[in-house]
């Protein structure tokens, strides 16, 4: 770019903004194996917990089915706390070592997985209380899982029922917190494809787990069988309730495995979700319910600020009409207030701005073509022009003023009179 082009270029212009890609192309070139597949490592504890617990369920069913049947050909009887089909804890009381070991391993893995979800997820300030509640309820549910495995169903029946009910309650609370967390993240980033996919399975787990949990709790607290002379005796009502409660507990456990799979999927794409939340502005929400009073006070503040802003805008309009159009300006306002202008005013403003720039450029070109005689323009003659953004009027060299002043003081004709 030549010197004359640099002078003719408006001072307020700058290099156009070029948006950068969301993920750099060389992000994973110099990373190791662990950092490259960081999402898989974060989801690994919850995946292992789900696989181990589901494998134990399959093993318990296989163990019960392969037991010898009774004399009348019915299902084998391994306890007196169930009617037709046993509960998970009923088989766990027989396979005690397996049940206790798996419960401890699953609890530790869940603490690790939900801890990763909390530590990484709190980088984005979105639904922090729901995330904290999710971690708290999942941790307490894991504690009661260990407790009910050590409190055997046949020897500590009432204590086992208490631990089981608390474990189901906190597990349901963790699912509720996770559902609300995903809902808020969905409102914040509606284009997140990973949340769209996992939300379907979370909905299935919640819809199926709710009636299953209620049925299981009603069955285990309603009644129990009595053992007389080596035979288990049930009333017809108790037999019906327990026959529905035991399968409901198995279905609830399958829903819990599905929920753990969704948490593992969230952890796998947690880094992407956090970065998307940090680069997305918060959604606009309407006030409902108790937020009416807050909106009422906010409306008063906005009305008072709008009056002040109107006065400031009118003063600014008067100044701009007297002095001339300002460069690169379309609106003015106080902090947090933006004055909306019509499209016609904006177009008129731009037209005046363009004319002003053309006049300035024409004036500069005339001054550089020798309107002050044969004086040559040096590097020092254009020192009054700043390229940093502020343009100052250009003045001729001092010797031109001295030449004109000498002619006038001696009564001699100047260049204008001679021409």
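Cβ coordinates are placed from backbone N, Cα and C, and glycine is handled just like the others.
Per TrEMBL, the feature region 'Disordered' maps to 1-22 (among others).
Taken from TrEMBL, the feature transmembrane segment applies to 40-66 (among others).
Under the heading domain 'CWH43-like N-terminal', TrEMBL lists 41-266.
Feature annotation from TrEMBL assigns transmembrane segment to 101-121 (among others).
Remote same-chain partners of the transmembrane segment (133-150), defined as residues 6 or more beyond its termini with a Cβ less than 8 Å from a stretch Cβ, comprise 89, 92, 99-100, 103-104, 106-107, 110-111, 114-115, 117-118, 160, 163-164, 166-167, 170-171, 173-174, 177-178, 181. If you look up TrEMBL, you'll see 133-150 (among others) marked as transmembrane segment.
According to TrEMBL, the transmembrane segment annotation covers 162-182 (among others). Sequence-distant neighbours of the transmembrane segment (162-182) (same chain, 6+ residues past either end, Cβ-Cβ under 8 Å): 89, 127, 130-131, 133-134, 137-138, 140-141, 144-145, 147-148, 151, 195, 198-199, 202, 205-206, 209-210, 213, 216-217, 220-221, 252, 256, 259, 262-263, 266.
Cβ atoms under 8 Å from those of the transmembrane segment (203-221) belong to residues 87, 161, 164-165, 168, 172, 175, 179, 241-242, 244-246, 248-249, 251-252, 255-256, 258-259, 262 of the same chain, restricted to positions at least 6 beyond its ends. If you look up TrEMBL, you'll see 203-221 (among others) marked as transmembrane segment.
The feature transmembrane segment is assigned by TrEMBL to 241-265 (among others). Below 8 angstroms of C-beta separation, residues 43-44, 46-47, 49-50, 53-54, 57, 82-88, 90, 110, 113-114, 117, 168, 171, 175, 178, 194, 197-198, 201-202, 204-205, 208-209, 211-213, 215-216, 218-220, 222-225, 234 of the same chain, each at least six residues beyond the ends of the transmembrane segment (241-265), sit close to that stretch.
Positions annotated as region 'Disordered' by TrEMBL: 339-375 (among others).
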